[in-house]
Amino acid sequence: MINLGDKQSIIVVAMSGGVDSAAVAAMLHAQGYNVIGITLQLYDHGMAVGKKNACCAGQDIYDAKMVANKLGIPHYVLDYESKFKESVIENFVDSYLQGETPLPCVQCNKSVKFKDLIKTAKELGAAQLATGHYVRKINGDNGAELHIGIDPAKDQSYFLFTTTKEQLDYLSFPLGWFTKDETRKLASKFGLEVANKPDSQDICFVPDGNYKNVINKIRPGSSKKGKIIHVNGFELGEHSGIINYTIGQRRGLGIAYNEPLYVIKIDPNNNIVYVGPESALNMQEFIIKDVNWLADEIKDNEKLEVAVKIRSTRLPSLAEISKLGDDKMKVKFLSEEKAVAPGQACVIYDGERVLGGGWITRDIIITL
């Protein structure tokens, strides 16, 4: 039983068309809450119709509507294409052009799904906005805290580190206490056709998985050839455009050499891709920017031992963090890590609690 307060309250559910948000809507409706479903149309409908297994595609909008009809709850589709293009797609493209490896799902949660959905939910008089994310909101001594979901295979806390304290107070994550199998069983119990619908896998606005086509469409002429240089300083060949490379990449370099080579650094200003041996990927310190902090404030000279994740699929690593001004932090691993990629998120944990996070910069990752 999920307790969201007064049963007469309006609860807006962000319905993506998948099984998770459908199960949330059905569960809250069954418990007597006044549920309203909202689905965002985020990109070109023609593209969406042809795209399967992606969040907020045309089929997903239809599926969300069918779930709402079955439950007998109001459902609205809001057109956020222009906002999504500006805040997410163009940010994604420009990040690649800066030699970064972007994380568009985090930008979408930050700039569109939470920010704008919360605004809409409040305009509808809702007491809370509920989503199908696998994270937990726990009331601590100093207010709401963001914790990992109990199902480690589905935990989505890495993608929600930009959630502010004010947003967290208004949000609800009922599925943080469920495993994926339990969610599907719940959806089946309510007779929802999406109970066995596959999870979304791809970036929603990349219809064929080829992000380079999207970049070249938004920013024509982006694939400019340039030099591939070894970290020791000698030229090895020519690259096909920095958008085709990411830190740690080994395959597709097109270079014959006497040892395996990896992408070590991308220099967008000079259009250079630096490569080197795997050992050159090792590093211990880096800087994160645009830090969002959900815990007690860190003092200027304080060093805090934490666990950090630098990729959604990696296990947390022990590190020490310290402040660098208002919105930056220095992160120092206790042991060296490989392939820390600018543009990715560094999310900071204390056990199961999310303390905050920021965006990895190229500062002091490597000095050539």
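Cβ coordinates are placed from backbone N, Cα and C, and glycine is handled just like the others.
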Item to complete: Kindly point out which candidate in GLY132, GLY140, GLY143 is recorded by Swiss-Prot as part of the ATP site with ALA14, MET15, SER16, GLY17, GLY18, VAL19, ASP20, SER21, LEU40.
Response: GLY132
Fill in: For LEU40 (ATP binding site): DSSP state (helix, strand, coil)
strand
Worksheet entry | Maximum Cα-Cα separation (Å), residues ALA14, MET15, SER16, GLY17, GLY18, VAL19, ASP20, SER21, LEU40, GLY132 listed as binding ATP | 16
Fill in: Rounded Cα separation (Å) that holds between GLY18 (ATP binding site) and HIS133 (site 'Interaction with tRNA')
11
Worksheet item: Tell me which residues of the chain lie with their Cβ under 8 angstroms from that of CYS108 (active site, nucleophile), as long as they are six or more apart in sequence?
Response: LEU42, PHE84, SER87, VAL88
